[in-house]
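Report on the structure given below.
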Amino acid sequence: MWYLAFLLIIGAYAADHAWETGNEYHYLIESRTLTVLDKLSQQFSGIVIKGGLTIQVKSPDTLQAVVSKTQYAPVHKTLENWNDEIADLKFDELSMSGKSFEIKLKHGVIRDVLIDQDVLTWEVNLIKSIVSQLQVDLQGENVIASSDNQIPDDSQPFGVYKAMEDSVGGKCEVLYSITPVPENFDSIPFPNLRKDGLNFFVTKTKNYNKCEQQMAYHSGITDKMNWKLGSNDGVLSRSSTSSIIISGNVKHFTIQSSLTTSEIFVRSKLHDTYSSAVYDSVKLTLDRMNQISNPMSASNNLVSTGNLVYIYNNPFSNQRKLRQPSVSLNSMEARSSENSNEENRSDDDRSNFLSNSGEEREYLQSKPTLNEAPESPLLPYFIGYKGESIQKSEDITSVAARFIAQIAWNLETSPVNAFNFSPSTEYIEPCIILIRLIRTMNVEQIAELENKLSDPIYHLQGNKLPTEYKKSYDKTTWDIFFNAVVSAGTGPALISIKNMIKNGQLKDTQAAMIISKIPKTALTPTSEYVNKFFELITDEQVTKQRFLNTSALLAFAELVRYTQSNRSIHYPVHSFGHMVSKQDNALLETYIPYMANQLTEAIKDGDSRRIQTYIMALGNFGHPKVLSVFEPYLEGTLPASTFQRLMMVVSLNRLSENFPRLARSVAFKIYMNIMEAYELRCAAVYVVMKTNPPLVMLQRMAEFTNQDQDRHVNSVIKTNIDALANLEQPEFQDLAAKARIARELLNPHIDTESYSQGFLFKKIIPSLNMAEITILQIIGSQDTTVPKSSYLNIYQSYGGFNLPPSRMSYEISSFRALLDMWYEMPWMIENETQKKLIIEETIEKLGIKGEDPVQFEGNIFVNTLYSSQFSPLDNNTIEETINAFKRIISSWQRSSKNFTSENINYLHYYDMTVAFPTESGLPFIYTLTVPKLLRINIGGGHKGSKTEHFKELTAAGYIMVHEKVQSRIGFVTPFEHRHYVAGIDTNTRLVTPLGLSISVNTTEENKKFKLTLQPSKYIRYGTGHSTVHFSVVPYTARNNILDLEHDFSKQDNDTLPVHTKEPHEIHFYISNWMFVAKSDLIDSKASEKQGMEAIKETVNLFCNSRGAYYRRFDGLMYFGEVRIRASYDFAKLDSDSSEATIPTIVNKEPDSEERKKQFLKEVGKNMNSAYGYVFDMSIDQGFDVQVFTLAYSYSQIDHKSQALFYWNVQSVDDPKIYAELGAIGYVKSKSISLNPEKALEQIPNDEFKAEIRLGNNFNEEMIKLEGNWTRTDDVKDMAMKSEIVKKCRQDMKQGNILLPACQKANKLINQKDLLMMSIDTTSDILYASANRGILWIQSLISENYVETMNLRSSSKNTIDMEIKMLPDNDDAKISLRTSQADVSFSLKDIIGNDSNVSMKDTFKEQLDDESVCVLDKTHAVTFDGKVYPLKLGKCWHVMMTIYPKRDPNNFEKTLSIPSDMRAIVMAQEMDDGSKQIKMILGDQEVHLQKSGDCLEASVDGETANFSDHKSHQEKDFEIYGSNETITVFSPTYEITVEYDGEHILLMISDNYLNAVRGLCGNYDTQPNNDFIIPENCILTKAEEFAATYAMTQESCQGPAPENKRKAEQSTCMSRSYRPSDVISDREAGRSSTKNRGWGYH
């Protein structure tokens, strides 16, 4: 209290402070504001203002003042420093009113400025910037009480204290520092004014982080933005310092000079050269002081302007809004900054930044209405005409109409303009201006613009087009208009879009796309705006349109999330206040209940597409209230499919963005329920990981992987924790540290391959100022290798400004259900007979029940920077798609269609804007604009034949993509309608033609295809040329805001590129491609390079981190007509013991049947029981023809594959051959025994050999390669010492050789570690290159690691290579030698010790478990790896069978079994301990048995003859023997069985995932449910489970009958999931009712 009393006392003595009544003060004004790319160049653009300020002191609390003789001069030149003296300035008169104004004081501190009502707003703010220099508080009037304050007095003229002080830049905390001026300081205008006092320095430093009043405009800022508006630090930062010299004492003084300098920076976090700045200063210097001799006349029209803070203009009126005088607290009422400053709040309390006394403040702009454009302050088009909207200058609807016509014309002629290598036609800049113009329009003006689009006067160029093109031009015109209006984002734009939908102008997919942009572009979505949008989405005109009704719901929910869940983040609340009042309960009372009711109705109707849409919409709200809607479905009290519940869990991601603790709590409880569906648990883990979970939770999840048996969930946890532990960004280090601690608790044996996984990728492109984090989350399937769900999230930032994230995802209930629907299509079952299949009879005997069908549900979601699309799918969708496809195919077969063409046009737009007043009174503005223009021209036609197997399809068109990233910093001078800019534009444009014609002619004997690329007859629909343009253009500019229609392709003195050096060009050509590169970084010497050197220089220029330096790249590529013919054939090959060679080609012409037959015969040589394929293709480019022929053969019995290849280039007109190449090669593996002990004695070996010949008739050059990939004793010795082999030998004592330990042991002892390869060649070039390579390696390696070898054994032109892997040392020894050079080194010598390459990991990965089923001596192993004891007895047991499923559309009907999956494998045990196998493949039966010491096979009762060199071949399978084993291999059914009489190894493809039953389990990747029996429930005892698959109806001896009776009496567990209570009463938003009796109370 003593401190406050002291301030009150000293304030009473300070009557005049800086102003002595009756005096007149004359100050000189100097002001400058400049913008620059300060880290790239010192090329400035800006303005200098000078003038005079006269002040007459009327009374202690009133000053009369006038600003006069003001002049300004533009600056656009290079300076050493921004505050240097600038020569050669040309000043023009700055037309200010010259009217006097009053300054109101309280205790010497300025409280208000009264200015004539007729003075324009821009002049008021300039006056305030000048008067702000006189705000000096030496008596603590605005002091912020603090124990750190040092109060100055006359005896101690030193002071340090903080005050809450207003200036034109805002009312913010200011740190005062007062010190005496040194005696030798000579820059004081009138040093004698100090009289008996002193000269003082007063320094004021403004803290923009703590402000009570900030004037600003912002839009497009994401909720992830890591800086606060107008702060002193961060990506966009500002600082301000005032230096004031006063004379006298702290109570009575004269202000001699006052200088305020301010700096605003945009600092890139990625590359300094992308940084930019705005510097400004305002200086007042005392020129003279005297008694008042000519009193100023006072205006009778003075009104308060509030205080010194910048005031907003009314863009659409020349009348200023009346302001109330500032009611500031004096020192008696001073508040502590620690307790009161609202700007010192928590970041989480974002919605409370406005005054505690009320949501709205008097100085804010009026709330926008729906019919009128918002009164957006500070923006060029709203203040650019003397402080008012540019609408005052001309008819902007006519300008906008001309822009639309120009853009449409540019798009229509874009293929022609593609040839222009001069400064390219500017497509994007007119779009940017058009959108910003529409933002200034009201509803009537947008309607007027719409009407003008039909006026021919605006389409003088377009009207000259032929009728066909005119129709396309008109469509393009309207497409641009629709997209531009929605991109404007204002209330009038919303009303206009609504009207267009209501009257049918916008409909179907185009309307859906347009409406999805509304939440992305909305600028001022007030309660009225949101409610009008709600009326639109519930209107029948929307709800009845298929695509629109989905898009509208999601767009609305997204908008509501931005306006209510993130109230102060996205929109200009510093200009208008909160868009939606805190008292607005429409979200809770109307919007969410409406969606919830619609979801209930959709579930009652069983309409999956509607259900999915409303789940997505509810999730998009991101509000806790949604939990109460999802609660009964997630907890199982109301019915919903697993897929629908999965969508609800995924939707928690939106909730986690604003309520991370709440979302984490619910998700963690879902994850912890091990009886829940694995898909939901995986999705819940992903949600938890997004919320920065506490360490104890991460540790719990990691530790639980040691108990949890769900492989998908464990894989998700492991991959996510690993990804988080590797995060490097500073903001994520806390999370990364926790993940690294938790990682130590993970189960070390988690298998992630083929299971659900999470990935995180980081990419930084400093040269483009872009950074990107990509998160890919996958939920695997149990019935296919294709993931069931995949979520791709892309987070991009530009130098530190985060762009709205993009998301792409798909979700599907079951790919198997989709396949089942495909198999039920008429063309898949049209040849079926009514005869009951053998497999069906077997299934009936077992009594296998069909599973309850999984209804097919799915969706595709794409959410980009610009728009979003959601496509829900169900059975009906697939049927509709298939029926549409059938209609198209049918129409192709019945008739032909002439070629027609259509255009698809998209204009996408995103911008981020930050604007606030500078201390010089001029509006600062930073914009990041990312527009994209996409044009797709596509046309097609078709022909068909009813009598022949002939079809032809033609398509042609082009794609044009133009994207710009425009970063601009600068300020606006309303009085001269100029926007001073320092900017960097990154432009990308691609125009490429698309043209092809396909004809297909297929018969049983021959299959031929003809493909023509860029067919010349359709060249007019494309161009035949492709162009690419990329540029980074830094520049400074002095843009005339009113000159809207200037020629963008021409440079003038108002726009100057920033060149650090004189730019030079590089030209180079590649065939029909021409390229030009131009840059500051290309010097005169580099510009002379050609060919490969020029290409290297260009690649270096654009691929390395080059920052914002000027560079440009243009490419022109010509694509002529290319005709491609192709054919293929297949044959079973006769055995021929001779060696295959490159033959003398019988016919070298394209499409030769003779050559194909020759190749099939040749490629089958030296192979037994081989199958062969041949593929032939010719490519006719007009000037030459290239011929390719490839033949391939394989033999299962030989474990050998062989290929023969031929290529030539020949003349189009005659058979002259220009070039020719032939190659042949094979790879052969050695068969290894199933028995590990026998395999130990064998040496695994892969033998390979290849020969290549070049030149006409192959007589020029030859290359021969042969080698082996084998095992050394090192691997054998290592294996024998391993625990795996020891465990295997224990299993083998019981007669088991195929249990998991022995499978791994077999792999371990068969690992190959030695590669030996030799190359013989006649090519001197290749041989010389090899020698140079060896010498280069020698130069890389220290002499200590190089060993010289004896090379006497190497012959001329032979290259030998040997690689010996050293897994124990995690290394490899490599030897290279020729007759001229040799080197031996280790792999680590080259790649270093820090490389990710690991020999240990490579060998370890080879031991991963495979999905095989085993019947061993005493145990069995399921496909999913479950091991259990098994005794079959002499009774057939089903190892594996496919089984029918119920039709999801008709539960009484059973789906047919796909023809390529009709397979059963059965086994029984004989009295001698051997086993027999019975296989049913389609309608054939295969029997395998052991007879004495021999293995026998029969097919349909007939003995199958085979040997080690010949297989028994059937249409769909073959039988062969090797290493005392019979193998049945069926590529048709994708089944392989290996049998040695006592042990059975069964392998099937992923096509059988979750589609089988039997002793081998259900093959769903989860071992814990493998004991599923025919009744579709799960037993716990192995013997009972096995007995349920015994064919007890037939002759059956052994334990099976008795065990089957026990199984019928045992408890069989249901396979259904068991949801739990995961949402508490409190989380659901209601008072607690559950668990009231819990605990002792």
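Heads up, the Cβ atoms here are built off N, Cα and C, so glycines get one too.
Annotated compositional bias 'Basic and acidic residues' per Swiss-Prot: 342-351, in sequence order.
Secondary structure at Cys211 (disulfide bond), taken from DSSP and collapsed to helix, strand or coil, is strand. The number of other Cβ atoms within 10 Å of the Cβ belonging to Cys211 (disulfide bond), over all protein chains shown, comes to 25. As annotated by Swiss-Prot, disulfide bond applies to Cys172-Cys211 (among others).
Annotation note: Cys1596 (disulfide bond) sits in a coil segment as assigned by DSSP. What Swiss-Prot lists as disulfide bond is Cys1435-Cys1596 (among others), and the listing cites sequence analysis.
The domain 'Vitellogenin' feature in Swiss-Prot is assigned to 19-790; the stated evidence is sequence analysis.
For 1410-1597, the entry in Swiss-Prot reads domain 'VWFD', with the evidence type sequence analysis.
The feature region 'Disordered' is assigned by Swiss-Prot to 322-372 (among others).
The region 'Disordered' annotation in Swiss-Prot covers 1594-1641 (among others).
Under the heading signal peptide, Swiss-Prot lists 1-18.
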Segment-level pLDDT (mean, integer) for the domain 'Vitellogenin' (19-790): 87
Between Cys1435 (disulfide bond) and Cys172 (disulfide bond), the C-alpha gap once rounded to whole angstrom: 91
Between Cys211 (disulfide bond) and Cys1596 (disulfide bond): CA-CA distance (Å): 90
For the disulfide-bonded residues Cys172, Cys1435, Cys1596, the one whose C-beta sees the most other C-beta atoms within 10 angstroms: Cys172
